[in-house]
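Q: Pasting a structure here, questions to come.
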Amino acid sequence: MGNRAYNFNAGPAALPMEVLQKAQEELVEFQGIGMSIMEISHRSAHYEQVHEETQQLLKELYDIPSGYQIQFLQGGASTQFAMIPMNFLKPGKVGSYVLTGAWAEKAVKEAQLFGETSIAASSEAFKFMKIPALSEIQPDPNSAYLHITSNETIEGAQFQAYPETGSLPLIADMSSDILSRQVDVSKFSLIYAGAQKNLGPSGVTVAIIKEEMLQDLPKNIPTMLRYDIHGKNNSLYNTPPVYSIYMVNLVLKWLKEQGGLAVVEKRNREKTSLIYGTIDQSGGFYRGPVDKDSRSIMNITFRLQDEELEKRFVKESEQNGFVGLKGHRSVGGLRASTYNAVPYESCKALADFMADFQRRNG
Ligand SMILES: *Cc1c(COP(=O)(O)O)cnc(C)c1O
(Lines of atoms letter the chains of each structure in order from A; the text may use other names.)
(Lines give C-alpha, C1' and ligand atoms only; values in the text may rest on other atoms or scores of the structure.)
Protein backbone atom coordinates (compact mmCIF):
# COMPACT_ATOMS: atom_id res chain seq x y z
CA MET A 1 0.00 0.00 0.00
CA GLY A 2 3.05 2.30 0.02
CA ASN A 3 2.36 5.30 2.22
CA ARG A 4 -1.44 5.03 2.03
CA ALA A 5 -3.16 5.67 5.36
CA TYR A 6 -5.35 3.14 7.11
CA ASN A 7 -8.41 5.15 6.15
CA PHE A 8 -11.47 4.68 8.38
CA ASN A 9 -13.11 7.98 7.49
CA ALA A 10 -16.91 8.07 7.70
CA GLY A 11 -17.48 10.12 4.57
CA PRO A 12 -16.11 11.14 2.23
CA ALA A 13 -14.29 7.90 2.66
CA ALA A 14 -11.74 5.49 1.25
CA LEU A 15 -11.76 4.69 -2.47
CA PRO A 16 -10.18 1.57 -3.92
CA MET A 17 -6.51 2.10 -4.77
CA GLU A 18 -7.06 0.54 -8.22
CA VAL A 19 -9.84 3.04 -8.94
CA LEU A 20 -7.67 6.01 -7.99
CA GLN A 21 -4.87 4.70 -10.19
CA LYS A 22 -7.19 4.17 -13.14
CA ALA A 23 -8.61 7.67 -12.71
CA GLN A 24 -5.10 9.07 -12.55
CA GLU A 25 -4.19 7.25 -15.75
CA GLU A 26 -7.23 8.67 -17.56
CA LEU A 27 -7.26 12.11 -15.99
CA VAL A 28 -5.53 14.09 -18.72
CA GLU A 29 -6.60 12.02 -21.66
CA PHE A 30 -9.74 9.93 -21.57
CA GLN A 31 -9.70 6.93 -23.90
CA GLY A 32 -7.51 8.56 -26.54
CA ILE A 33 -9.77 11.55 -27.24
CA GLY A 34 -7.12 14.16 -26.44
CA MET A 35 -9.15 15.59 -23.56
CA SER A 36 -10.23 14.77 -20.04
CA ILE A 37 -13.76 13.47 -19.48
CA MET A 38 -14.31 16.74 -17.59
CA GLU A 39 -13.69 18.73 -20.76
CA ILE A 40 -16.34 17.21 -23.02
CA SER A 41 -20.06 17.68 -23.47
CA HIS A 42 -22.38 15.65 -21.31
CA ARG A 43 -24.26 14.98 -24.55
CA SER A 44 -21.24 13.55 -26.32
CA ALA A 45 -21.10 9.88 -27.25
CA HIS A 46 -18.05 9.36 -25.03
CA TYR A 47 -19.79 10.66 -21.94
CA GLU A 48 -23.09 8.98 -22.79
CA GLN A 49 -21.32 5.65 -22.85
CA VAL A 50 -20.04 6.19 -19.30
CA HIS A 51 -23.48 7.34 -18.11
CA GLU A 52 -25.31 4.35 -19.50
CA GLU A 53 -22.65 1.85 -18.53
CA THR A 54 -22.80 3.12 -14.94
CA GLN A 55 -26.56 2.54 -14.87
CA GLN A 56 -26.08 -0.88 -16.40
CA LEU A 57 -23.38 -1.90 -13.92
CA LEU A 58 -25.56 -0.87 -11.01
CA LYS A 59 -28.48 -2.88 -12.38
CA GLU A 60 -26.24 -5.88 -12.79
CA LEU A 61 -24.52 -5.68 -9.39
CA TYR A 62 -27.73 -5.09 -7.46
CA ASP A 63 -29.78 -7.43 -9.62
CA ILE A 64 -32.32 -4.66 -10.22
CA PRO A 65 -35.49 -5.97 -11.89
CA SER A 66 -37.10 -4.22 -14.86
CA GLY A 67 -39.43 -1.34 -14.05
CA TYR A 68 -36.75 0.63 -12.21
CA GLN A 69 -34.73 3.64 -13.27
CA ILE A 70 -31.31 4.72 -12.11
CA GLN A 71 -31.12 8.47 -11.61
CA PHE A 72 -28.03 10.59 -10.97
CA LEU A 73 -29.03 13.58 -8.87
CA GLN A 74 -27.27 16.40 -7.04
CA GLY A 75 -27.58 18.02 -3.64
CA GLY A 76 -26.57 14.92 -1.68
CA ALA A 77 -28.80 12.57 0.27
CA SER A 78 -29.88 15.64 2.24
CA THR A 79 -31.73 16.99 -0.80
CA GLN A 80 -33.52 13.64 -1.10
CA PHE A 81 -34.90 14.26 2.41
CA ALA A 82 -36.85 17.17 0.86
CA MET A 83 -37.50 15.75 -2.62
CA ILE A 84 -39.25 12.68 -1.20
CA PRO A 85 -42.04 14.56 0.61
CA MET A 86 -42.24 17.19 -2.17
CA ASN A 87 -42.90 14.53 -4.78
CA PHE A 88 -44.77 11.84 -2.85
CA LEU A 89 -46.43 13.34 0.24
CA LYS A 90 -49.72 14.45 -1.24
CA PRO A 91 -52.32 16.45 0.75
CA GLY A 92 -54.32 14.22 3.08
CA LYS A 93 -51.55 11.60 3.17
CA VAL A 94 -48.95 10.86 5.82
CA GLY A 95 -45.22 10.32 5.48
CA SER A 96 -44.26 7.48 7.84
CA TYR A 97 -40.70 7.26 9.14
CA VAL A 98 -38.75 4.78 11.24
CA LEU A 99 -36.69 6.85 13.65
CA THR A 100 -33.35 5.10 14.04
CA GLY A 101 -30.81 7.87 14.54
CA ALA A 102 -29.41 11.20 13.45
CA TRP A 103 -29.99 10.74 9.71
CA ALA A 104 -33.56 9.47 10.10
CA GLU A 105 -34.28 12.49 12.31
CA LYS A 106 -33.09 14.82 9.56
CA ALA A 107 -35.26 13.04 7.00
CA VAL A 108 -38.41 13.43 9.14
CA LYS A 109 -37.67 17.04 9.93
CA GLU A 110 -37.52 17.88 6.26
CA ALA A 111 -40.81 16.04 5.56
CA GLN A 112 -42.51 18.04 8.32
CA LEU A 113 -41.98 21.14 6.17
CA PHE A 114 -44.26 19.69 3.51
CA GLY A 115 -46.99 17.69 5.19
CA GLU A 116 -48.09 15.35 7.91
CA THR A 117 -45.62 12.81 9.23
CA SER A 118 -45.84 9.86 11.57
CA ILE A 119 -43.21 7.86 13.45
CA ALA A 120 -43.86 4.22 12.55
CA ALA A 121 -41.31 3.01 15.14
CA SER A 122 -38.49 4.59 17.09
CA SER A 123 -35.41 3.55 19.01
CA GLU A 124 -34.88 7.01 20.47
CA ALA A 125 -35.59 5.67 23.99
CA PHE A 126 -32.54 3.42 23.50
CA LYS A 127 -30.42 6.36 22.32
CA PHE A 128 -30.66 4.76 18.87
CA MET A 129 -28.38 1.93 19.93
CA LYS A 130 -30.60 -0.58 18.14
CA ILE A 131 -32.93 -0.89 15.17
CA PRO A 132 -36.58 -1.43 16.13
CA ALA A 133 -37.87 -4.99 15.61
CA LEU A 134 -39.67 -5.31 12.27
CA SER A 135 -42.85 -6.32 14.15
CA GLU A 136 -42.81 -2.94 15.95
CA ILE A 137 -42.97 -0.96 12.73
CA GLN A 138 -46.51 0.39 12.32
CA PRO A 139 -46.92 2.79 9.41
CA ASP A 140 -49.91 5.12 9.61
CA PRO A 141 -52.82 3.50 7.70
CA ASN A 142 -53.00 6.62 5.55
CA SER A 143 -49.31 6.55 4.62
CA ALA A 144 -47.98 7.73 1.28
CA TYR A 145 -44.76 5.79 1.98
CA LEU A 146 -42.60 4.29 4.72
CA HIS A 147 -39.09 5.73 4.96
CA ILE A 148 -36.23 3.89 6.63
CA THR A 149 -32.53 4.62 7.09
CA SER A 150 -30.85 1.35 6.22
CA ASN A 151 -27.65 2.14 8.10
CA GLU A 152 -27.25 4.87 10.70
CA THR A 153 -23.74 6.07 9.95
CA ILE A 154 -23.25 8.03 13.18
CA GLU A 155 -24.59 5.54 15.74
CA GLY A 156 -23.46 2.41 13.88
CA ALA A 157 -26.81 0.57 13.76
CA GLN A 158 -28.05 -1.20 10.64
CA PHE A 159 -31.24 -2.93 9.54
CA GLN A 160 -30.50 -6.66 9.24
CA ALA A 161 -33.77 -7.32 7.39
CA TYR A 162 -36.26 -4.96 5.87
CA PRO A 163 -39.96 -4.50 6.64
CA GLU A 164 -42.57 -6.02 4.32
CA THR A 165 -44.83 -3.16 3.30
CA GLY A 166 -46.99 -4.77 0.63
CA SER A 167 -48.38 -2.09 -1.65
CA LEU A 168 -47.11 0.76 0.55
CA PRO A 169 -43.99 2.21 -1.11
CA LEU A 170 -40.86 1.49 0.91
CA ILE A 171 -38.17 4.16 0.63
CA ALA A 172 -34.66 3.68 1.98
CA ASP A 173 -31.74 5.98 2.61
CA MET A 174 -28.83 3.64 1.87
CA SER A 175 -26.17 6.36 1.78
CA SER A 176 -23.78 4.46 4.01
CA ASP A 177 -24.48 0.85 3.05
CA ILE A 178 -25.51 0.74 -0.59
CA LEU A 179 -23.82 -2.20 -2.35
CA SER A 180 -22.30 -3.47 0.90
CA ARG A 181 -24.49 -6.57 0.82
CA GLN A 182 -27.09 -8.25 -1.33
CA VAL A 183 -30.53 -6.65 -1.19
CA ASP A 184 -33.86 -7.59 -2.71
CA VAL A 185 -34.38 -4.34 -4.59
CA SER A 186 -37.89 -5.35 -5.65
CA LYS A 187 -39.10 -4.63 -2.09
CA PHE A 188 -38.28 -0.96 -2.50
CA SER A 189 -39.93 1.84 -4.44
CA LEU A 190 -36.95 4.12 -3.95
CA ILE A 191 -33.41 3.56 -2.74
CA TYR A 192 -31.11 6.56 -2.59
CA ALA A 193 -27.53 7.20 -1.56
CA GLY A 194 -25.05 10.04 -1.60
CA ALA A 195 -22.02 8.53 -3.34
CA GLN A 196 -19.28 9.62 -0.96
CA LYS A 197 -19.41 6.70 1.46
CA ASN A 198 -19.65 3.51 -0.52
CA LEU A 199 -19.93 4.47 -4.20
CA GLY A 200 -17.40 7.10 -5.15
CA PRO A 201 -16.64 10.74 -4.46
CA SER A 202 -19.20 13.33 -3.33
CA GLY A 203 -21.18 15.24 -5.94
CA VAL A 204 -23.63 12.64 -7.16
CA THR A 205 -26.59 11.03 -5.44
CA VAL A 206 -27.83 7.76 -6.90
CA ALA A 207 -31.56 7.05 -6.84
CA ILE A 208 -32.97 3.65 -7.80
CA ILE A 209 -36.61 4.39 -8.38
CA LYS A 210 -39.60 2.32 -9.43
CA GLU A 211 -41.05 3.79 -12.61
CA GLU A 212 -44.60 3.75 -11.24
CA MET A 213 -43.48 6.34 -8.65
CA LEU A 214 -43.05 8.85 -11.47
CA GLN A 215 -46.79 9.13 -12.28
CA ASP A 216 -48.94 12.15 -11.34
CA LEU A 217 -46.46 14.12 -9.31
CA PRO A 218 -47.65 17.50 -8.03
CA LYS A 219 -47.40 20.31 -10.59
CA ASN A 220 -45.86 22.93 -8.31
CA ILE A 221 -42.48 21.30 -7.69
CA PRO A 222 -39.42 23.10 -9.12
CA THR A 223 -38.12 21.37 -12.24
CA MET A 224 -34.79 20.26 -10.82
CA LEU A 225 -36.48 18.66 -7.80
CA ARG A 226 -38.83 16.48 -9.83
CA TYR A 227 -38.11 12.77 -10.17
CA ASP A 228 -40.28 12.64 -13.29
CA ILE A 229 -38.20 15.27 -15.11
CA HIS A 230 -34.96 13.48 -14.25
CA GLY A 231 -36.60 10.26 -15.33
CA LYS A 232 -37.83 11.55 -18.70
CA ASN A 233 -34.41 13.03 -19.42
CA ASN A 234 -32.38 10.05 -18.19
CA SER A 235 -30.70 12.36 -15.63
CA LEU A 236 -29.53 14.62 -18.44
CA TYR A 237 -32.04 17.46 -18.04
CA ASN A 238 -29.10 19.67 -17.15
CA THR A 239 -25.37 19.02 -16.78
CA PRO A 240 -24.91 16.05 -14.47
CA PRO A 241 -21.87 15.76 -12.16
CA VAL A 242 -19.89 14.09 -14.91
CA TYR A 243 -16.68 13.38 -13.04
CA SER A 244 -18.41 11.94 -9.97
CA ILE A 245 -20.46 9.63 -12.20
CA TYR A 246 -17.28 8.56 -14.00
CA MET A 247 -15.72 7.71 -10.63
CA VAL A 248 -18.81 5.72 -9.60
CA ASN A 249 -18.43 3.86 -12.90
CA LEU A 250 -14.88 2.85 -11.95
CA VAL A 251 -15.96 1.81 -8.44
CA LEU A 252 -18.74 -0.37 -9.86
CA LYS A 253 -16.31 -2.03 -12.27
CA TRP A 254 -13.99 -2.67 -9.33
CA LEU A 255 -16.87 -4.26 -7.37
CA LYS A 256 -17.62 -6.48 -10.31
CA GLU A 257 -13.97 -7.53 -10.51
CA GLN A 258 -14.05 -8.41 -6.82
CA GLY A 259 -16.66 -11.01 -7.72
CA GLY A 260 -19.88 -9.07 -7.13
CA LEU A 261 -21.88 -8.42 -4.01
CA ALA A 262 -21.88 -11.94 -2.57
CA VAL A 263 -18.09 -11.82 -2.35
CA VAL A 264 -18.04 -8.19 -1.20
CA GLU A 265 -20.59 -8.90 1.54
CA LYS A 266 -18.61 -11.90 2.77
CA ARG A 267 -15.44 -9.83 2.90
CA ASN A 268 -17.23 -7.00 4.72
CA ARG A 269 -18.43 -9.46 7.35
CA GLU A 270 -14.92 -10.87 7.75
CA LYS A 271 -13.49 -7.36 8.08
CA THR A 272 -15.97 -6.28 10.72
CA SER A 273 -15.85 -9.50 12.71
CA LEU A 274 -12.11 -8.87 13.24
CA ILE A 275 -12.93 -5.58 14.96
CA TYR A 276 -16.15 -6.59 16.72
CA GLY A 277 -14.31 -9.72 17.85
CA THR A 278 -11.57 -7.60 19.41
CA ILE A 279 -14.22 -5.52 21.20
CA ASP A 280 -16.11 -8.57 22.49
CA GLN A 281 -12.98 -10.37 23.63
CA SER A 282 -11.54 -7.38 25.47
CA GLY A 283 -13.22 -8.24 28.77
CA GLY A 284 -14.97 -4.87 28.86
CA PHE A 285 -11.93 -2.74 27.94
CA TYR A 286 -13.73 -1.90 24.71
CA ARG A 287 -17.51 -1.62 24.69
CA GLY A 288 -19.77 -1.80 21.64
CA PRO A 289 -22.80 0.35 22.57
CA VAL A 290 -25.01 -0.94 19.76
CA ASP A 291 -27.19 -4.02 20.30
CA LYS A 292 -25.44 -7.05 18.81
CA ASP A 293 -28.51 -7.73 16.65
CA SER A 294 -28.27 -4.29 15.08
CA ARG A 295 -24.54 -3.92 14.59
CA SER A 296 -23.47 -2.26 11.38
CA ILE A 297 -21.03 -3.87 8.97
CA MET A 298 -20.12 -0.38 7.70
CA ASN A 299 -19.68 1.79 10.79
CA ILE A 300 -18.33 0.17 13.95
CA THR A 301 -18.82 2.34 17.03
CA PHE A 302 -17.08 1.59 20.31
CA ARG A 303 -16.19 3.16 23.62
CA LEU A 304 -13.46 3.01 26.23
CA GLN A 305 -13.89 3.51 29.98
CA ASP A 306 -13.45 7.28 29.88
CA GLU A 307 -12.98 10.13 27.45
CA GLU A 308 -9.34 10.65 28.42
CA LEU A 309 -8.51 7.15 27.30
CA GLU A 310 -10.53 7.64 24.10
CA LYS A 311 -8.51 10.77 23.35
CA ARG A 312 -5.30 8.84 23.87
CA PHE A 313 -6.59 6.09 21.59
CA VAL A 314 -7.27 8.58 18.80
CA LYS A 315 -3.89 10.27 19.23
CA GLU A 316 -1.91 7.04 19.26
CA SER A 317 -3.91 5.60 16.38
CA GLU A 318 -3.02 8.66 14.30
CA GLN A 319 0.65 8.24 15.18
CA ASN A 320 0.34 4.69 13.85
CA GLY A 321 -1.12 5.66 10.47
CA PHE A 322 -4.85 5.29 11.24
CA VAL A 323 -7.23 8.02 10.11
CA GLY A 324 -10.83 8.83 11.01
CA LEU A 325 -11.35 6.82 14.21
CA LYS A 326 -12.84 9.62 16.28
CA GLY A 327 -16.58 9.18 16.76
CA HIS A 328 -19.04 11.74 15.39
CA ARG A 329 -19.03 14.88 17.54
CA SER A 330 -22.71 14.36 18.45
CA VAL A 331 -22.16 10.95 20.08
CA GLY A 332 -18.46 10.91 21.01
CA GLY A 333 -16.52 7.68 21.42
CA LEU A 334 -14.81 5.95 18.53
CA ARG A 335 -15.92 4.83 15.10
CA ALA A 336 -14.27 2.78 12.40
CA SER A 337 -15.99 3.04 9.02
CA THR A 338 -15.27 -0.12 7.09
CA TYR A 339 -16.81 0.61 3.70
CA ASN A 340 -16.29 -1.65 0.69
CA ALA A 341 -13.04 0.07 -0.30
CA VAL A 342 -11.42 -0.34 3.13
CA PRO A 343 -9.05 -3.29 2.69
CA TYR A 344 -9.07 -6.33 4.95
CA GLU A 345 -5.44 -5.46 5.82
CA SER A 346 -6.53 -2.11 7.30
CA CYS A 347 -9.08 -3.87 9.51
CA LYS A 348 -6.51 -6.45 10.58
CA ALA A 349 -4.06 -3.66 11.41
CA LEU A 350 -6.75 -1.90 13.46
CA ALA A 351 -7.68 -5.06 15.37
CA ASP A 352 -3.98 -5.60 16.15
CA PHE A 353 -3.54 -1.99 17.21
CA MET A 354 -6.61 -2.26 19.48
CA ALA A 355 -5.25 -5.38 21.16
CA ASP A 356 -1.86 -3.72 21.63
CA PHE A 357 -3.45 -0.54 23.02
CA GLN A 358 -5.34 -2.66 25.52
CA ARG A 359 -2.13 -4.41 26.62
CA ARG A 360 -0.51 -1.07 27.26
CA ASN A 361 -3.51 0.58 28.92
CA GLY A 362 -5.70 -2.20 30.30
C1 LIG B 1 -23.91 10.96 4.96
C2 LIG B 1 -25.33 10.60 5.06
C3 LIG B 1 -26.35 11.45 4.61
C4 LIG B 1 -26.07 12.83 4.09
O5 LIG B 1 -25.48 12.79 2.87
P6 LIG B 1 -25.15 14.10 2.02
O7 LIG B 1 -24.84 13.52 0.69
O8 LIG B 1 -23.97 14.74 2.69
O9 LIG B 1 -26.33 14.98 2.03
C10 LIG B 1 -27.65 11.02 4.69
N11 LIG B 1 -27.95 9.81 5.18
C12 LIG B 1 -27.01 8.95 5.61
C13 LIG B 1 -27.40 7.60 6.14
C14 LIG B 1 -25.67 9.32 5.57
O15 LIG B 1 -24.72 8.47 6.01
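Quick reminder: no glycine exception, Cβ is built from N, Cα and C everywhere.
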Q: Among Asp63, Asp140, Asp173, Asp184, which residue does TrEMBL name as a further pyridoxal 5'-phosphate binder in the site formed by Ala77, Ser78, Trp103, Thr153, Gln196, Asn238, Thr239?
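A: Of Asp63, Asp140, Asp173, Asp184, Asp173 joins Ala77, Ser78, Trp103, Thr153, Gln196, Asn238, Thr239 in the pyridoxal 5'-phosphate site that TrEMBL records.
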Q: Distance between Asp173 (pyridoxal 5'-phosphate binding site) and Lys197 (N6-(pyridoxal phosphate)lysine) at the Cα atoms, whole Å?
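A: Distance between the two Cα atoms comes out at 12 Å.
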Q: Between Asn238 (pyridoxal 5'-phosphate binding site) and Lys197 (N6-(pyridoxal phosphate)lysine), how far is it from one CA atom to the other, in Å?
A: 25
Q: Ligand 1: which of the binding-site residues Arg43, Asn238, Thr239 have a Cβ closer than 6 angstroms to it?
A: none
Q: Roughly how many angstrom lie between the C-alpha atoms of Ala77 (pyridoxal 5'-phosphate binding site) and Lys197 (N6-(pyridoxal phosphate)lysine)?
A: 11
Q: Look at the binding-site residues Gln196, Thr239 and tell me which residue has the greatest number of other C-beta atoms within 10 angstroms of its C-beta.
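A: Compared across Gln196, Thr239, the most Cβ atoms within 10 Å surround Gln196.
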